[in-house]
């Protein structure tokens, strides 16, 4: 009881010393969570507060925050509290753009920069996978790049799931692996396939490997059909041979021919 009271008192004091602020980078509410930025007046430190309806709350989100809280490429959690209606998570606010916004600012990124970003992302995901968790929503918007620190941050753990648990069509369709489309159980291949798609987007200014035009919106049937006929020639918009091969190796249709093992992925020439 004493510990509970002390925690409650700390939480009350924290909120008494905070105010809502706006930041220079765009903050977008997710489908299941409302985002606000808090400034702690005594320290001027910024925190990100995520409020999730109890109906949409995934307890694994908290578990991943706690497991990876001290990891340099994940977001540190400070408070987690809730009611019958909502769950609230207070975490570090990272003052940098996500990769979607980075592409909007810079356009197509250089081979060297993309290689650096993807290497850090692969290392971070491998550390998450060691805990038998799949991120399950790797995309441009869920990866931050702090250029001044040369550091990648993996964020938004709301769809994280245990390996071998049941899968559903959650997340962002254009990053779905063939296995996720077929509803196989959760597997690290879900994340590695998404890394392949994300890499292609960074190298081409936001294009998808299987789109026929820049403004095409891919649906589930188009994805299923085009994944089956993926060929290295399809990836023609990536000019660098090593980068093109990396994307191809991570997005091949047949999982037995695809790179899904971290030790093999990290040794690819694109990341060396």
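Count begins at 1; order follows the chain as displayed.
Any Cβ shown, glycine's included, is placed from N, Cα and C.
Here residue 137 (active site, proton acceptor) comes close to 156, 158, 159, 160, 170, 171, 172, 175, 194: these same-chain residues lie at least six apart in sequence, with C-beta atoms under 8 angstroms from its C-beta. Summarising the annotation, Swiss-Prot assigns active site, proton acceptor to 137 and lists sequence analysis as the type of evidence.
Sequence-distant contacts (6 or more apart, same chain, Cβ under 8 Å) of residue 33 (ATP binding site) comprise 50, 51, 52, 56, 158. As annotated by Swiss-Prot, ATP binding site applies to 27, 28, 29, 30, 31, 32, 33, 34, 35, 50.
Per Swiss-Prot, the feature domain 'Protein kinase' maps to 21-271.
Residue 35 (ATP binding site) counts 14 other C-beta atoms within 10 Å of its own C-beta, drawing on all protein chains shown.
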